[in-house]
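K.L.:
For reference, the structure I am asking about is given below.
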Ligand code: ADP
Ligand code: MG
């Protein structure tokens, strides 16, 4: 689960980390008062969406002005004016995709004088099974670009969970970032605060880009992105409260309401599978036969007819889906329950695309009979390979 920059900064502030003063604004009329609560002489007006690259992004609507999603203002009036131009408009960045995201919240922040922009992140490194600090002197810009063209400029430091964060981690990071004097001390303290926050709140990712050295020589977190482990959210009601459902994929949101393991992808073949391993194998084999999956979906072992119906509806609601592959190996899950769910869903929402069904395992005969007697236009498959071949052929043909 992700949160907005202003929420992440409030959390950082509560851990003592240096961030700028700022106010969040939901309606244009509030912008002037909010900006007026800060002294200036520089205000920064920042669109709040769950995507990076806002500064270099652009708006779809002409009346939003030429500038991106992070704008400098030299007066309270100008700050309010820029906030008004962005609210309700659609911001497109390299992370939003071409559809962009509607800006419903604006963060007005004290402007900082910047000496240098650095990159810093904490993440769970699956390779080492440890929390790692990742840092670079090349902050502010596209870190993916730095990783591609000059990977030697990105350094990473793993923390042993037995010792936890130690001051020497902070010193190493400080030297890697080219800091000196009092900044080293500040860095050691800040890295400790970030590590503590990361661990206590069960984060998956914390990115500060840029971490800056101000014109007075101090460290400051100028941007903040946080991702939390969805499976641990129940332990953090304060974090759960920060969820902004308008930022989430509507299909994934609907799936989460029915407790379905669904991830939207870019391909054209919708998949309904039971078991995460089989779902992965199904996506692989679709690729092997020359197409791309539109989603990952594991309906789980104990799915009911209602749950299957919902899952099928979510798949068909995706305009990118050109064909559907139902691949069930019934163990705990019964094939007849899946068949009933599919038939019920098609009766409700219709079927505009080819549907291939492969059923195997518990109650398979009953399941096949339900499908066969339903009158649905279903292509039956014998096994996983046959299913993949048939759905790819149906979509391509
Ligand atoms: P994004 O990464 O989504 O583009 P950032 O918050 O990193 O958004 O802002 C982009 C750039 O805008 C920063 O690299 C920095 O140069 C500038 N910026 C952001 N916040 C401030 C601020 N409070 N004061 C001065 N400059 C800022
Ligand atoms: Mg940034």
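Cβ atoms are placed via backbone N, Cα and C, with glycine included.
Residues annotated as ATP binding site in TrEMBL: 46, 53, 54, 55, 109, 112, 117. The feature Mg(2+) binding site is assigned by TrEMBL to 209, 223. Feature annotation from TrEMBL assigns substrate binding site to 274, 331, 332, 333. Taken from TrEMBL, the feature domain 'ATP-grasp' covers 9-55.
Could you give the neighbours, burial and distances for every feature on this list?
P.N.:
Counting only same-chain residues at least 6 apart in sequence, those with a Cβ under 8 Å from the Cβ of residue 112 (ATP binding site) are 20, 42, 44, 212, 214, 215, 220, 222.
For residue 223 (Mg(2+) binding site), the same-chain residues 6+ apart in sequence whose C-beta sits under 8 angstroms from its C-beta are 5, 207, 208, 209, 210.
Within 10 Å of the C-beta of residue 331 (substrate binding site) there are 13 other C-beta atoms, taking all protein chains into account.
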K.L.:
Within the domain 'ATP-grasp' (9-55), count helix residues (DSSP H, G, I), strand residues (E, B) and coil residues, in that order.
P.N.:
15 helix, 10 strand, 22 coil
K.L.:
Where ligand 1 binds, which of the binding-site residues 112, 274, 333 are close by, with Cβ under 6 Å?
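P.N.:
112, by Cβ distance under 6 Å.
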K.L.:
Please report how many Å separate the Cα atom of residue 117 (ATP binding site) from that of residue 333 (substrate binding site), as a whole number.
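P.N.:
It is 53 Å, counting Cα to Cα.
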K.L.:
What mean pLDDT does the predicted model reach across the domain 'ATP-grasp' (9-55)?
P.N.:
96
K.L.:
Please report how many Å separate the Cα atom of residue 333 (substrate binding site) from that of residue 55 (ATP binding site), as a whole number.
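P.N.:
Distance (Cα to Cα, whole Å): 48 Å.
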